[in-house]
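J.: Got a structure here, written out as structure tokens. Questions coming.
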Amino acid sequence: MSATTLGAGLLAPTRPAAFWPTGWVAALAWIAAAATISLLPDADDLGRTQDLAALAAGIGGLILLAALGSSLPGLAPRLAPLRAAGPWLILLAAGLAAWELATAKYAWLPRPFFAAPQSLLEVFTDDYERLGESVWRSLLLVLPGYALGAGIGFLFGIAMGWSRLVGYWAHPVVRLIGPLPATAWLPIAFFAFSSSRGASTFLIALASFFPVTVLTWSGVSAVSRAYYDVARTMGASPWFLVRKVAVPAAMPSVFVGLFMGLGASFSVLVVAEMMGVKAGLGWYMQWAQGWAAYPNMYAALLVLALICSSAVTLLFRLRDRLLSWQKGLVRW
Amino acid sequence: MVSGARLEVRGVSHAFALEKRALPVLQEIDFVAEPGDFVALLGPSGCGKSTLLRLVAGLEPPSEGQLLVDGKPITGTDPSRTIMFQDPTLFPWRTVRGNAQLGPEARGSLAADAPRIEAALSLVGLDAFAEAYPHQLSGGMAQRASLARALVNEPRVLMLDEPLGKLDSLTRLAMQRELVALWERERFTALLVTHDVEEALLLADRVLVLSDRPARIRADIRVERPRPRRRDDPGLVALREEILALLGLAEAA
């Protein structure tokens, strides 16, 4: 127990209320970036330049307030997570300024392939309706598909790990087909399913099915025989062994599968939307590319990245809740 | 209170199937433990002692011979015959209480056995740690939790598979004392597997000395010394010499 406390102590931010030099530098960096955006003339006629400058200045102002608050004992603990992100805040400001200089101000990077940051901002302010609709449609497609594939994969993985018969027949098939990218099934899926929605759901489910199956299976197979022996000597039925021994012991491995399946599902989603589905972020990107509207494409890409990483964060939160017993055993 | 069971081991031989070749581990093991006996199985490591416990637990059937509890053949596992393993084998995803209630939960008698679970936890001195997870426990505490998990089932035969083997020497002394006190109170039939001569003599009424693999009983030694026993009891020291000589490890005379 003392080791756990010690570990927490090392990770926790030291000196709760104190001067935060990194915060001041970050605030100045954002304000400097805002000045660069606002004061230097654009090489070309671009909209939303002053809005972007205002946004950067606003972020700088907020960091400034946080830096001031860091010196107050009452606010300091709440600002601790922000303090940890200090160096990143500086880098982001520098990155924004460099991006702005390289595109909008001096056009060092070839246009239209490289979009200026204010052009992305313009997409969010002016095309949010279509973008929002695409996000919604993408989520409606990917979430049921992922849940379906993960659910079936979980059950199938347990069956493979538990039953010698299922393992015998399923193992070679999973070994052979598992490594194929789910998108390779695209022609068959669109042929077999009458609707593009059905076909895409199938492909997304397939993408999450394999990693979840394989990792659930390996998790169940790796359960120590001693656990089963203990439960058996106490009168456990086979069903109890599956539910209360095999499944909980395999959960850490299952979550690795869920994580891998999530990434695979999103990449299949984009491909499916580019190929057949007439809605969603993949379609939006395809459509934007068709019009050479690269800022729109980048904006959609950014949104996609944010959705993916939020989904992963949610999954990790869930894992940390369910597998809190692992604390101190493994860190990953 | 439930008393110990009479355990009969009749001509038991056992072999492992090892790549087409049979590896004999037990040969013609024959003994009877009366209800409430404390029997130690002493032998070199890897001689097959633990296998004998697995057979008594009903985890595996013997290749030959018969095992009887109170005259009835052992056909499978039963909560009245519980093993405490060398490793605590606690389920890491369950708290101490969650581990202790494993038996009642498996048999669907959780509600009825709730008082017994609490009693077992306080008996091993872990009531304050009921909500702790195994990784938060010391080695001795983990073994106590494992003991509580076994006791909850009110075993009539308690098998101890070198349960103290991995503990530090101080914890080990304390737990040896606790095991004896527990056995004196509950009077289950105890089968202790160990390779520690002193431990066998301190705890058991009877020491069965086993040979190298395949294990045969080389001697059946009664330890008729009063309890509580002391390590320096001359009677025990003499028995210790005798057993070491049987194992071919007599100290230079």
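Cβ from N, Cα, C; glycine included.
Per TrEMBL, the features are:
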| type | residues | note |
| --- | --- | --- |
| DOMAIN | A:135-316 | domain 'ABC transmembrane type-1' |
| TRANSMEM | A:20-40 | transmembrane segment |
| TRANSMEM | A:52-72 | transmembrane segment |
| TRANSMEM | A:84-102 | transmembrane segment |
| TRANSMEM | A:139-162 | transmembrane segment |
| TRANSMEM | A:174-193 | transmembrane segment |
| TRANSMEM | A:200-220 | transmembrane segment |
| TRANSMEM | A:254-277 | transmembrane segment |
| TRANSMEM | A:297-318 | transmembrane segment |
J.: With CB pairs under 8 Å as the measure, which of the listed stretches A:20-40, A:139-162, A:174-193, A:200-220 comes out on top against the transmembrane segment (A:52-72)?
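T.: Maximum Cβ contact count belongs to A:20-40.
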J.: Per the 3+ Cβ pairs under 8 Å rule, pairs at least 6 apart in sequence, do the transmembrane segment (A:200-220) and the transmembrane segment (A:139-162) touch?
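T.: Yes; at least 3 Cβ pairs under 8 Å.
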J.: Quickly jot the same-chain residues contacting the transmembrane segment (A:84-102) by Cβ under 8 Å, restricted to those at least six beyond its ends, or write none.
T.: 13, 20, 22-23, 25-26, 29-30, 32-33, 36-37, 40, 52, 56, 60, 63, 108-109, 114, 116-118
J.: Any residues 6+ beyond the ends of the transmembrane segment (A:139-162) with a Cβ under 8 Å from its own?
T.: 170-171, 174, 197, 200-221, 242, 246-247, 250, 254, 257-258, 261-262, 265-266, 269, 272-273, 277, 280, 307
